[in-house]
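One structure is given here, and the rest of the page talks about it.
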Ligand SMILES: NC(=O)c1ccc[n+]([C@@H]2O[C@H](COP(=O)([O-])OP(=O)(O)OC[C@H]3O[C@@H](n4cnc5c(N)ncnc54)[C@H](O)[C@@H]3O)[C@@H](O)[C@H]2O)c1
Ligand SMILES: O=C(O)[C@H](O)[C@H](O)COP(=O)(O)O
């Protein structure tokens with residue numbers, strides 16, 4: 001059995017080596033020819049999987065080691081009877097930690113002693129937005145949730161869902177919707193001139209979903225105005241050929257790596273492996289956890305003199321500080337368009353190991369119950 005797989009899927013040999021022969025390919029440039037004789041195709045978000053790629057091939061199962069599926073023509077796969085699996089929720093914690101870290105930096109920039117005084121509007125409350133909401137609420141933030149598809153399915157939800165306009169009133173607005181174009185509540189350019197006019201200089205807009213959810217030309221125009229909000233973009237229109245002008249104008253610019261924790265990526269591989277085993281009728285023998293290495297930083301310690309917010313923010317940034325990715329992306333924006341696109345992909349391909357808060361043991365000596373609860377909300381292991 002031939003498995004054609006994106007070389008950027010971690011642990012390919014460990015998970016799939018005894019299922020078939022693996023042919024590693026560059027996902028961004030995968031061609032019809034490279035996939036013609038494949039039985040199984042494993043991709044990431046940079047490969048468009050559709051009729052043009054697969055017509056006439058032997059492929060009978062496609063797996064994407066990602067949450068998002070907007071790069072896959074699901075209808076066509078279904079019509080052709082080709083099996084499919086994604087990895088829902090695999091890197092949700094990673095994205096939630098990215099948002100928390102960005103919010104902590106925003107609070108500092110605003111000179112706030114208590115970061116939980118910020119209100120947070122979450123747009124798209126699925127695996128990522130839901131996990132983020134839970135964590136923020138446990139930390140003591142006031143959160144507003146906007147998710148029209150869920151609002152329709154759950155009319156009596158408590159607290160009630162809010163409209164996009166109401167979410168845009170919050171100090172921080174963070175987008176976690178899929179990219180959709182042809183269905184009710186389609187998200188393509190969901191945030192454009194009218195929505196951007198609703199947020200002002202004291203606010204922060206984060207996009208951790210897909211680049212095309214925000215109209216980047218409208219955003220560029222808005223960022224030229226004196227009362228523009230701060231913006232943190234992890235995802236961009238036209239990746240990898242993103243706009244250097246927009247990078248220049250946003251406050252925090254990262255190269256689509258919010259979900260790039262080692263845990264998140266390895267869980268993505270495991271979920272596709274499990275689905276493939278099920279498809280082929282094979283036993284499931286491996287788990288991502290058995291391959292996770294020891295983290296570089298495994299323990300931090302706080303004493304009774306630790307200031308609460310400060311302690312949580314320190315631990316968060318031990319795991320992930322987006323400023324490093326921001327600096328690298330800005331450097332990568334030098335050069336001509338072709339060089340910039342290559343550099344964008346390279347930043348993602350050669351991404352340093354990043355571990356989630358769940359890998360961190362936190363030792364607390366004589367600290368308050370609420371600090372302990374804060375670390376529990378982050379998913380850290382506590383030693384009290
Ligand atoms: N930046 C990254 O690295 C990264 C990582 C993971 C996922 N993502 C993106 O984030 C998206 C969300 O991930 P998830 O795991 O939470 O997906 P999910 O499917 O679990 O949840 C998405 C939620 O968005 C809601 N939604 C759909 N249309 C909406 C609209 N118009 N307004 C508000 N809400 C709407 C859905 O009802 C659903 O509850 C993925 O589809 C992916 O594109 C990005
Ligand atoms: O949808 C997802 O899971 C994320 O956007 C994921 O981090 C994308 O990573 P990529 O497949 O582009 O490497």
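Any Cβ shown, glycine's included, is placed from N, Cα and C.
TrEMBL names 45, 260 as substrate ligands; from the candidate set 26, 29, 66, the record adds 66 to that same site. The NAD(+) site recorded in TrEMBL comprises 147, 177, 259 together with one of 193, 202, 234, namely 234.
Cα to Cα, residue 256 (active site, proton donor) and residue 210 (active site) are separated by 9 Å.
For residue 210 (active site) paired with residue 177 (NAD(+) binding site), the C-alpha to C-alpha distance reads 7 Å. Across the fold, the C-alpha of residue 147 (NAD(+) binding site) and the C-alpha of residue 239 (active site) stand 26 Å from each other.
Just so you know, of the recorded positions 147, 234, 239, the Cβ with the fewest other Cβ atoms around it within 10 Å is the one at 239.
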